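Features as listed in Swiss-Prot:
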{"type": "BINDING", "residues": "R21, E78, K118, K452", "note": "(6S)-5-formyl-5,6,7,8-tetrahydrofolate binding site"}
{"type": "BINDING", "residues": "N224, T243, I245, T248", "note": "K(+) binding site"}
{"type": "BINDING", "residues": "224-229, 243-249, 268-271", "note": "GTP binding site"}
{"type": "BINDING", "residues": "S228, T249", "note": "Mg(2+) binding site"}
{"type": "DOMAIN", "residues": "214-375", "note": "domain 'TrmE-type G'"}
Amino acid sequence: MKETIVAQATAPGRGGIGILRVSGPLATKVAQAILGKCPKPRMADYLPFKDADGTILDQGIALYFKSPNSFTGEDVLELQGHGGQVVLDLLLKRILQIDGIRLARPGEFSEQAFLNDKLDLAQAEAIADLIDATSEQAARSALKSLQGEFSKKVNELVDSVIYLRTYVEASIDFPDEEIDFLADGKIEANLRGIINQLENVRSEAKQGSILREGMKVVIAGRPNAGKSSLLNALAGREAAIVTDIAGTTRDVLREHIHIDGMPLHIIDTAGLRDATDEVERIGISRAWTEIEQADRIILMLDSSDPESADLSKVRSEFLAKLPSTLPVTIVRNKIDLNGEQASESEQGGYQIISLSAQTHDGVKLLRDHLKQAMGFQTGIEGGFLARRRHLDALEKAAEHLQIGLVQLTEFHAGELLAEELRLVQSYLSEITGQFTSDDLLGNIFSSFCIGK
């Protein structure tokens, strides 16, 4: 028998309204115990909420949704009372005294909705993303995902793969036909079409992942290069202490900002040098840890000091120590001291931004560069949010499509192509939860709020 769960659906703490949600086959039993009746489905009823001895604990609106016409697909009872935490706790305690009722786990209401086919997995995740959105664009995109925009694109891909799989397997099952299906060009054309279709979805998903998770950008360089001043300029406030004393920043400073809707985690680090001070050495060690985990590095150079701005020395002292795949933007700071104009150029395969963090001249160039470098497009309508697991699944699907193309065009191997298409279908279906593991479901829903 399915379990009946209860939890507070509104945020803990003091508020104008507090809501308790009950979901499961015993929701009507709870209604009879607390309200003395079960409200008509989908009709608001103003009633007292009573304790076991008949004492009125609160009074408010009761709503009943009969299965399957509810968010979870189960019978659902919502009690909307006053938002005092003591009152809500008393009411919750009373409900938990009823046999067969237990406290919901985090995300369990959404999990019920998923298991009852009210939402697919991508839509369920979008609920948490909508709650956690840190910008207007992220909220709008999360709502698009909740409404099924992302799932629709994935399902269209799955349908295309299934159609092609059927065609390929038919050519394998009927080898005596006069027509060589593998060589007639139709399968290759369809396969290339799916590859292009998937690339479009991957591009949108990458944008959605940036919106959801942000990008980690680490500002690094020698002491007194102006790293903290740049952090303040990008943040638009005095987030870091700035002095003329080299080594002022000794620990990692973090600031979360938005550039035209793109979330960035900007991290200011201790100046990189051979330090004798133990505290500074620890700060430098932490700086290298952050650098290794970054999505992009901003390497600060002091343009007023010819030695520190020498790119050949910078390459040997710093750039050579970085992973080759880690993107780096070089910033020549303090152009106000030598009369230079703000500019953007390219040298040795690196983008170089010349600016003044002190006067903010050229800071907009850096902001625009970061947007472009991260592949972020401002103001896209109809986008959706995506998670890292979605990107991983799409990437694996793309890899197997390319392998399948090689099996078809170079080896004429229908059986191997069919297997690659099966794997593609499996990876894509993981996104919406058609094929997934219990461990994955547990990890996803445990990250939700209790009551969602």
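Note that Cβ sites are derived from N, Cα and C of the backbone, with glycine treated the same way.
On the structure: features taken from Swiss-Prot.
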| residue | record | DSSP class |
| --- | --- | --- |
| R21 | (6S)-5-formyl-5,6,7,8-tetrahydrofolate binding site | strand |
| E78 | (6S)-5-formyl-5,6,7,8-tetrahydrofolate binding site | strand |
| K118 | (6S)-5-formyl-5,6,7,8-tetrahydrofolate binding site | coil |
| N224 | K(+) binding site | coil |
| A270 | GTP binding site | coil |
| K452 | (6S)-5-formyl-5,6,7,8-tetrahydrofolate binding site | coil |
Of R21, K118, K227, K452 (the binding-site residues), the residue whose Cβ has the fewest other Cβ atoms within 10 Å: K118
Cβ neighbour count (within 10 Å, all chains shown) around S228 (Mg(2+) binding site): 24
Neighbourhood of E78 ((6S)-5-formyl-5,6,7,8-tetrahydrofolate binding site) by C-beta distance under 8 A, where only residues 6 or more apart in the same chain count: A9, I19, L20, R21, V22, A62, L63, Y64, F65
All-chain count of other Cβ atoms within 10 Å of A270 (GTP binding site): 27
Protein Cβ atoms within 10 Å of N224 (K(+) binding site), excluding its own: 22
